[in-house]
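Below is one structure, written out as structure tokens; the observations come after it.
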Amino acid sequence: MKIEVLKLSDEKGRFLLRETSSAFVNAIRRSAMAEVPKMAVDYINVYDNTSSLYDEILASRIGLIPLTADLNSFILPEECECGGEGCPSCQVSLTLTAEGAKMVYSGDLFSMDPSIQPSFPDIPIVKLADGQRVMIEAVARLGTGKKHAKWQPAVACGYKNMPKITIKDCDKCGKCIDECPKQLLSLNKELKVKDLMECSLCGLCEKACALGAIEVGVEEDAFIFVVESDGSMPVVELMIRSAEELGKKVLELKEDLESIQKDAGVAEIGQRRRT
Amino acid sequence: MELKVFEKRDDELKMEIRGEDDTLLNVLEHTLLEDGRVLNIEYNIQFPYMSDPMLYLRTDGTEPIGVLLDACERLLEECEEFKSKFEAASEKTK
């Protein structure tokens, strides 16, 4: 496997993966979206809400606010010693108190744990008129995207095969240049592709060419992987955790298979004894 | 994860992998297909999609669980390789 970073910031990443299979890349993608745990508000206690929004809508809006967290210091409620009831090692509460007239933003959430903060302080929650009040306790827990989209750390995550455009016996008529919706082709003595990675594989240039001189294909074992984080963790951490989560699943399967193999061995010995 | 074996012979294995989905099964299937000892490998998730996948594996006579374990080993290596290569590649851009 060869990995090349094309673009990388905390929010967005674009990578070129070579010598791997679509099955593995897809597993990484699925794992990043559905298996990597992150913090999100799971439920709220409403002490006062005279705003124009119902409690349920507030709960939904607060739940979808991405929270940054030190993930190593928390565990999933299912795996916690408290059995999912809620204790300091699996949940954190945030309070929201505001009185109108004002716009309530995610930055107004006050966290009991300084390591847990909204990733963006400027997400609007509710607009309060003069005299309206909200007083809410929000409880954040770890979860995975499989259960609810609020626990999904990768928001835009996908891949495509590396395009491969072959040109031979071209008569330089230039018809394909006008057809390309991304304007990737140029004719300057020779027909050339400007940015191969931008090609969307639509194949319009192929159809425009009467000679069949241009051919759009893919490299079967090379992939352009695009990922965007919701702000709860940097892209690098997200990708590494995604591979870790996949590895954990495989390891679990391996251990279970080994125990089956052992049990089967015992059963066979037992049968032999009986006969 | 919980495994429930439905059928097990010298060259065949039919089992349910509870609590898993395409994330693990698709890549596992692909890894097993690359193994020359595997004659047939397929899995099916019945409607609704929340159902547990049923895995069916037929080998050329090799112990099927052993073949599965080898596949797991190769997948683990691939995950580790991805992790280390990715770390190295992202270090470079900093």
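Glycine residues also receive a Cβ, built from the backbone N, Cα and C atoms like all the rest.
Tertiary proximity for the domain '4Fe-4S ferredoxin-type' (A:161-190) is limited to same-chain residues at least six positions away from its ends with a CB under 8 Å from its CB atoms, namely 16, 18, 22, 196-202, 204-211, 213-220, 222-224. Residues annotated as domain '4Fe-4S ferredoxin-type' in TrEMBL: A:161-190 (among others).
Packing against the domain '4Fe-4S ferredoxin-type' (A:195-219) from elsewhere in the chain are residues 6, 16, 160-171, 173, 175-176, 178-182, 184-185: each is 6 or more residues past its ends and has a CB under 8 Å from a CB in it. Among the features that TrEMBL reports, domain '4Fe-4S ferredoxin-type' is placed at A:195-219 (among others).
When secondary structure is read from DSSP and collapsed to three states, A:CYS205 ([3Fe-4S] cluster binding site) falls in the helix class. The [3Fe-4S] cluster binding site annotation in TrEMBL covers A:CYS199, A:CYS202, A:CYS205.
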Requested in this report: Find the average pLDDT over the domain '4Fe-4S ferredoxin-type' (A:161-190) in the predicted model and report it.
Outcome: 90
Query raised in the report: Using the Cβ centroid of A:CYS199, A:CYS202, A:CYS205 as the reference point for the [3Fe-4S] cluster site, which residues of the same chain not in that list have Cβ within 8 Å?
Result: A:PRO163, A:ILE165, A:CYS180, A:PRO181, A:LYS182, A:LEU184, A:SER200, A:LEU201, A:GLY203, A:LEU204, A:GLU206, A:VAL216
Query raised in the report: With DSSP helix as H/G/I and strand as E/B, how many residues of the domain '4Fe-4S ferredoxin-type' (A:161-190) fall in helix, strand and coil?
Result: 5 helix, 12 strand, 13 coil
Requested in this report: Using all protein chains shown, find which of the binding-site residues A:CYS202, A:CYS205 scores highest when you count other CB atoms within 10 A of its CB.
Outcome: A:CYS205
Requested in this report: Run through the Cβ atoms and count how many others sit within 10 Å of the one on A:CYS199 ([3Fe-4S] cluster binding site).
Outcome: 22
